[in-house]
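Asks: Take this structure first; my questions come after.
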Amino acid sequence: MSTLYIAGQWLAGQGEAFTSVNPVTQAVIWSGNGATAAQVESAVQAARQAFPAWAKRSLEERISVLEAFAASLKSRADELARCIGEETGKPLWEAATEVTSMVNKIAISVQSYRERTGEKSGPLGDATAVLRHKPHGVVAVFGPYNFPGHLPNGHIVPALLAGNSVLFKPSELTPKVAELTVQCWIEAGLPAGVLNLLQGARETGIALAANPGIDGLFFTGSSRTGNHLHQQFAGRPDKILALEMGGNNPLVVEQVADLDAAVYTIIQSAFISAGQRCTCARRLLVPQGAWGDTLLARLVAVSATIEVGAFDQQPAPFMGSVISLGAARALMDAQQQLLANGAVALLEMTQPQAQAALLTPGILDVSAVAERPDEELFGPLLQVIRYADFDDAIAEANNTQYGLAAGLLSDSAERYQQFWLESRAGIVNWNKQLTGAASSAPFGGVGASGNHRASAYYAADYCAYPVASLETPSLVLPSALTPGVRLS
């Protein structure tokens, strides 16, 4: 089966065989072989050869290809949404919003490129100072499985817009979405070699990251892999590395007037996408006392009624599955470990069907757990921590190596100002779900959540480097020479 796209040709992978399955039915929906190191090298060479001509195209010419890609996405929106839903397990309504985000990324990237890069000039003495930008060359994009269309798209689109050529290595759990996305680029008229698809798992990723022919790498995924890449690229200032990783995100709740609004926002923060967004709330900080008890009782009651089902189930569920049976097992094991260490199950997460990666929402009170693991449990498992006062809540919120997202539900603007000032996170929300962020806003975190902001508004900064010039059309001897220099 032809699973790789290199130099404008679909080719069969020669590496390890792997499959993609529907996480609920376990039906195989894609099969193929990954790219070997030799095939990775071929793709790098193809990208290197295609780069000069693509970079020399005018910005408007490149924009026209991107706009054709957006048109292709729109024409295949239903097909792509179904593909995303089938391969990830997320409900169709949510998969459709991902396709919309992919389309919207085109206009956002063009606007950001014009604002952040482009060309600027001004007089400087008898010359003109000019600032222009040039693409890096060949960049690799490593995509995640939770948003297999939208998140790699957030790197690929601005990279191509800036004039780079791209090597796309998607998650081995979502190869079908990647294949369909590349087909849309082909329909858009992207020249051969400008975008190359390298399917595969760990060995393919290692070969691509280690290839000396790449000029940079944009990664979205786990902190473990991201940390490995950071170590691998240490001492290589000639290569750009941008990492978007996970978080152990806190959502702090104060006593608010609208209890149900708080409950709904918590559910949207913790259980959207079956908890498989890097910005999902992992830790819910609730005040001690009667009001906090009432909030938790209401949260548990509502969460217990959340619809969980297959991606195409009708009426549509709120939550689909997690990505795989392996992921489901790991989450169930994590819950058991927390319970063994003293957590109290307010609402136990369950796996209704042993051979389906469907999990129901789980809520554990971990206040009594002496040493809570600082890790991202990537699924619908929310940990509750009771706090005594607001300073205690902020200290607990910051008690993590991560720093991606943090949120506050409060009726007090003064409290929010304090929270915003003292929180250590790249995204800080007030009375909005933790997973909410403007598509055009810089996205990323601090600490173990990553470095840089190589998507959305700041993407252009990482896809092109600035070149400062001092220019004048004529070479003229200055009227006054530097002391000590004589031309007579």
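Cβ from N, Cα, C; glycine included.
Sharing the features that Swiss-Prot gives for it:
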BINDING   Gly221, Ser222, Ser223, Arg224, Thr225, Gly226  NAD(+) binding site
ACT_SITE  Glu244  active site
ACT_SITE  Cys278  active site
Asks: So around the NAD(+) site, Gly221, Ser222, Ser223, Arg224, Thr225, Gly226 aside, which residues have their CB within 8 A of the centroid of those CB atoms?
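Replies: Near the NAD(+) site, the remaining chain residues are Phe219, Asn227, His228, Met245, Gly246.
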Asks: Cα of Cys278 (active site) to Cα of Gly221 (NAD(+) binding site): how many Å, rounded?
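Replies: Cα-Cα distance, Cys278 (active site) to Gly221 (NAD(+) binding site): 9 Å.
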Asks: Cα-Cα, whole number of Å: Ser223 (NAD(+) binding site) versus Glu244 (active site)?
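Replies: With distance taken Cα to Cα, Glu244 (active site) is 8 Å from Ser223 (NAD(+) binding site).
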Asks: Might you list, by sequence position, any residue in that chain lying six or more from Ser222 (NAD(+) binding site) with a Cβ less than 8 Å away from its Cβ?
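Replies: Counting only residues 6 or more apart in sequence, the Cβ neighbours of Ser222 (NAD(+) binding site) under 8 Å are Met245, Gly246, Glu376.
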Asks: Tell me the Cβ neighbour count for Ser223 (NAD(+) binding site), meaning other Cβ atoms within 10 Å of its Cβ, over all protein chains shown.
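Replies: Step by step: centre on the Cβ of Ser223 (NAD(+) binding site), count other Cβ atoms within 10 Å, giving 22.
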Asks: List every residue in the same chain as Thr225 (NAD(+) binding site), at least 6 positions away in sequence, whose Cβ is under 8 Å from its Cβ.
Replies: Gly205, Phe219
Asks: Please report the Cα separation of Gly226 (NAD(+) binding site) and Glu244 (active site) in Å, rounded to an integer.
Replies: 8
Asks: Distance check, please: Cα of Glu244 (active site) against Cα of Gly221 (NAD(+) binding site), rounded to an integer number of angstrom.
Replies: 7
Asks: With every protein chain in view, what's the tally of Cβ atoms within 10 Å of the Cβ of Gly221 (NAD(+) binding site), excluding that atom itself?
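Replies: Summing over all protein chains shown, Gly221 (NAD(+) binding site) has 22 other Cβ atoms within 10 Å.
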Asks: Run through the Cβ atoms and count how many others sit within 10 Å of the one on Glu244 (active site).
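Replies: I count 27 other Cβ atoms within 10 Å of it.
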Asks: If one looks at the chain holding Arg224 (NAD(+) binding site), which residues at least 6 apart in sequence have a CB under 8 angstroms from its CB?
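Replies: For Arg224 (NAD(+) binding site), no residue qualifies.
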